[in-house]
There are 4 protein chains.
Amino acid sequence: MKKIGVLTSGGDAPGMNAAVRAVVRKAIYEGMEVAGIFNGYEGLIQGKIELLQLGSVGDIIQRGGTMLRSARSPEFMTEEGRQEALKQLKAHGIEGLVIIGGDGSFKGAAELVKLGVPCACVPATIDNDITGTQFTIGFDSALNTVIDAIDKIRDTATSHERTFIIEVMGRDAGDLALWSGLAGGAETILIPEVEYDLEDIITRLKSGSGRGKKHSIIVVAEGVMSGTALSDSLKREAGIETRVSVLGHIQRGGSPSARDRVIASQYGARAVEVLKEGKRGVAIGMQNHTVIDYDLAIVFKRSDTKKDEELYKLSKELSI
Amino acid sequence: MKKIGVLTSGGDAPGMNAAVRAVVRKAIYEGMEVAGIFNGYEGLIQGKIELLQLGSVGDIIQRGGTMLRSARSPEFMTEEGRQEALKQLKAHGIEGLVIIGGDGSFKGAAELVKLGVPCACVPATIDNDITGTQFTIGFDSALNTVIDAIDKIRDTATSHERTFIIEVMGRDAGDLALWSGLAGGAETILIPEVEYDLEDIITRLKSGSGRGKKHSIIVVAEGVMSGTALSDSLKREAGIETRVSVLGHIQRGGSPSARDRVIASQYGARAVEVLKEGKRGVAIGMQNHTVIDYDLAIVFKRSDTKKDEELYKLSKELSI
Amino acid sequence: MKKIGVLTSGGDAPGMNAAVRAVVRKAIYEGMEVAGIFNGYEGLIQGKIELLQLGSVGDIIQRGGTMLRSARSPEFMTEEGRQEALKQLKAHGIEGLVIIGGDGSFKGAAELVKLGVPCACVPATIDNDITGTQFTIGFDSALNTVIDAIDKIRDTATSHERTFIIEVMGRDAGDLALWSGLAGGAETILIPEVEYDLEDIITRLKSGSGRGKKHSIIVVAEGVMSGTALSDSLKREAGIETRVSVLGHIQRGGSPSARDRVIASQYGARAVEVLKEGKRGVAIGMQNHTVIDYDLAIVFKRSDTKKDEELYKLSKELSI
Amino acid sequence: MKKIGVLTSGGDAPGMNAAVRAVVRKAIYEGMEVAGIFNGYEGLIQGKIELLQLGSVGDIIQRGGTMLRSARSPEFMTEEGRQEALKQLKAHGIEGLVIIGGDGSFKGAAELVKLGVPCACVPATIDNDITGTQFTIGFDSALNTVIDAIDKIRDTATSHERTFIIEVMGRDAGDLALWSGLAGGAETILIPEVEYDLEDIITRLKSGSGRGKKHSIIVVAEGVMSGTALSDSLKREAGIETRVSVLGHIQRGGSPSARDRVIASQYGARAVEVLKEGKRGVAIGMQNHTVIDYDLAIVFKRSDTKKDEELYKLSKELSI
């Protein structure tokens, strides 16, 4: 393989730039050319493609967002769009692709694989919800952003003896809520994977309050319900007053954490290696502290994992 | 004066602890005793009062919130409540009070002054809206929290070429929105002191977009309208899509900035001095880089200042 | 087991407080009493022991350092000292101990195990150098502190087109230097596990400079040599001017990262469980994203691991 | 004036980029062209000059360092060098200059003024040591970096009951040491403006220790003596053990604080205004919360100010 392309797609995540940098540097190290495809699949169709050099990725390892930008592409959802993408790849002599993004982006890659384009997919999403890997790029950074927010809100919660509900991202996946709730010392954590029990939440709040504990932090993943809906329920069912903070988009941004920069570097470099080795449709990931690659098909067979249950159980035990 | 009391009241602000520390240490330095009054005026009425020592304020200069806690006190709004407070002060031998908080808290102090209690008021509110002082404790910390959030959101705005609306605190005062918007490089800033012009906002967004600038940051103070309301208007009037982020309670918390710790130390110490000097109803503040004290009455004659207009004009010129 | 003790020993590491919190809360959850032993083994000998409650560990999960404090104990190195420690444990009815610290602290635990005291050892050291576990508490936080410093220094390096040498902690272990160098985008990384080659460093600096790259970051673990010694060598051997920054003690402090808080919670809770299960001399750790416990003896058979070599190789490839 | 130039010179300071951005945007707002001069006076002599557009300064307000880079210029110290600089200015049609830097950079500007080049000087140095202005760009950011370091070191100092000496920048000016010491809750602060008294330091350390306070923070400005020298003195004269941390170059880097971004924006814009108004050799600064401009000659008549003494006195009173 003499020339590969790299693009970022889907919601941005801290560490995407570090992954792009690793792809570019590793490819050049391996004697390949690298083309940067701007604005995701949309830009691929439009031919927004530029050759990248070592200098193109200087001073970006520490930056949030993605220098290649990202975009939704309704056009790529169509057969015509994908044929256009294929034409562009051929026109630019790109023989393989590194796709950096979440599972939506991986689905696009799977379509390209069907059309004969070798793709290596690098998981980058703050939700940590890609089957087959223990960690995605961006999760650790988002986690640190969330606990920084929880620490700040705790100052007010303690000073005013109030209960705060903090709504964090996570439509289907509760990792961000669970880890941040545990790390933030939250008294109650609501995640999509476990049905919540309003009675239990009320009992816990009241028992804490009975013991003289007058402030409390509840972390709720947006996939369970909105912070406001939970606040309304607590007020209606038990007369409990709460304040709501919706963390929102700050969770996606910021300089990546050390760990995200390291795994982004590892994933990006491995993606180049697997293309060089002739693999055609693989995802990159981490298992047992070791970088792995595995069949893209595995990503789409989503299944719950047992580890979350242990962490969830722990969060309950420590928040007595 | 042999014994003074100190309390925090109103919304918490980073640096309140640094002010409490300064009051305690300065008072002990001057040979006085200091009583900590917990839970604001409510705690004063209830006699939640404890003698504080040097060790009581160890390791708190860097903490957000307030170790003395804060609370609303409807009871203190009544004559009976205030008489009860007076009784407690006498019972504990407290001859003067340092009140740390915003203008609501200062009104409470003014009532106590009428009853013969010498009070020195230390301005602590993230809104920076106390007449007579150029800076309040907490404003600089909140500002840094807001620009940290803007920097994070800019990562996503740039990566996805989107326009973001960021709603910050400030019901009547626009300092937080104005300073943070300027420091965050926002393209548009809406503050309560200046009537906004939706046409102008739309024109600016469209002209930027015409020049190839595809992302934009709008900072709006909550006192103007909610971020969601602004987003709806832009959509309805001009078909412009925006994302909204409401920063909320994170703005009140966190470790105080260096500057807030320094002015909190200065204000707290001066408050003790003015009580020692026999002053009875004064506010502490900063003018021309110098700590001042002035009649409490000045605080309640709110008036707009000219400097904001210059900063506002600057923000317009730099965001062409 | 009805009552256990917990102590922190050796150099402090961010996350120690989160581990103490987890020990206390889990023990109470399991119906046990917990005694806090202050000032490490020294305090154990002196009987600085207090019963801890849920409230004793409130609001500490986010704090650096250790609320139980730490100290060296020459006395505990003697047979008499250990007998005295044993007496104290009996006097306070403490039936098992959780020891939070590094391998030096674990050696102390091994001595107590010989005397019949069940001990569960929780690895907490920024060096990440405990055999048998992939991660120690504090490593991730220190890593983030180091990359924050590298990011800052890079600003100056770029602005002035200079080469900076950054000396980080790590006497025998290079993990902190390797990970931070990789995450910080360092051009050269020197770790104790790999013999360095001054010629190679000089060649790389000169080739970068030949390509127009006028600034460079070198990360060196203190165990290899001091930053100043390296700077002198580069000057003497090749006339290369460098600036040196010794990060020093800031690496040990600060609020723990999200990840350190989570593993500290997991390790602390597991330590209580293994004591309850009747184990007598075990270390707690992480393998394959799962909390494990293993014989304390394994810790003392230090051996190099293969993974570091891969990360080291990656760091070389990406810094062409 | 139709075209101005802008350069940064001397040690870099956080906020320089925000000042460059303001110069460029304000000049374009005023209908002028702006040339960026790279690598300071050295680059001016070498003609490293490029026209800057609005887009050239996009996304830099939050970055440390300086995009225009900085360098020493021995050549500019000579008459020939300055004549060469003059030629370049004429060749590029540059009619006025904005110089962003410290007093060394201002001296260069004064030479150019003598040769007929209108110059407006913007004070940017972390030392806050420019006569005529209450604040320089970079001081507030460096201050926050230093207190972040002090907060981290305090964790270890408290946990191990040790005394730490923290050496901060400041050869002739003690502002950084004094403000950071006060904000960091240091027990002892040594600044160049006040002769230190070793006896007094020892007495304070011993009295604190006598009261049961077993840890202590000493902040020393490098201009007084090195941290190591102080540590040796304390050991030799009083047998007091201390640890030393030299903060070094991290003090110059990092994203600028909100305040530094605001004053950089104000100063940069004013610099353009004064050139437009026809002024020829002025410095920009802040007095009484208001941006001012004043004769460059005032900068070179350095004199001590009274306010520092008050802050110094306060630091003594609060660290009893």
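The chain as shown is numbered from 1 upward.
Cβ atoms are placed via backbone N, Cα and C, with glycine included.
Quantities reported herein were computed from a predicted structural model and do not represent experimental measurements.
ATP binds C:Arg72, C:Ser73, C:Gly102, C:Asp103, C:Gly104, C:Ser105 as TrEMBL records it, and from the list C:Gly11, C:Gly15, C:Gly170 the residue named for this site is C:Gly11.
Matching C:Arg154, C:Arg236, C:Arg243, C:Arg252 to the ADP binding residues that TrEMBL gives (C:Arg21, C:Ala22, C:Val23, C:Val24, C:Arg25, C:Gly185, C:Ala186, C:Glu187, C:Arg211, C:Lys213, C:Lys214, C:His215) identifies C:Arg154.
There are 12 other Cβ atoms within 10 Å of the Cβ belonging to C:Arg171 (substrate binding site). Annotated pair C:Arg243 (substrate binding site) and C:His215 (ADP binding site), C-alpha to C-alpha distance, rounded: 11 Å. Filtering of the recorded positions C:Val23, C:Thr125, C:Asp127, C:Arg171, C:Arg252 by Cβ separation from chain D (threshold: under 8 Å) yields C:Arg252, ordered along the sequence.
In sequence order, C:Ser9, C:Gly10, C:Gly40, C:Ser70, C:Gly101, C:Lys107, C:Gly108 are the same-chain residues whose CB sits within 8 A of the CB centroid of C:Gly11, C:Arg72, C:Ser73, C:Gly102, C:Asp103, C:Gly104, C:Ser105, the residues recorded for ATP being left out. Model confidence over the domain 'Phosphofructokinase' (C:3-275) is summarised by a mean pLDDT of 96. Every protein chain considered, the tally of other Cβ atoms within 10 Å of the Cβ of C:Gly11 (ATP binding site) stands at 22. For the pair C:His215 (ADP binding site) and C:Arg72 (ATP binding site), the Cα-Cα distance reads 42 Å.
Counting only residues at least six positions away in the same chain, the Cβ atoms of C:Gly11, C:Asp12, C:Ala13, C:Pro14, C:Gly64, C:Ile126, C:Gly138, C:Ala142, C:Met169 sit under 8 Å from the Cβ of C:Arg252 (substrate binding site). In sequence order, C:Arg25, C:Gly185 are the binding-site residues among C:Arg25, C:Ser105, C:Gly185 whose C-beta falls under 8 Å from a C-beta of chain A. Among the binding-site residues C:Val23, C:Gly185, C:His215, none has a Cβ sitting under 8 Å from a Cβ of chain B.
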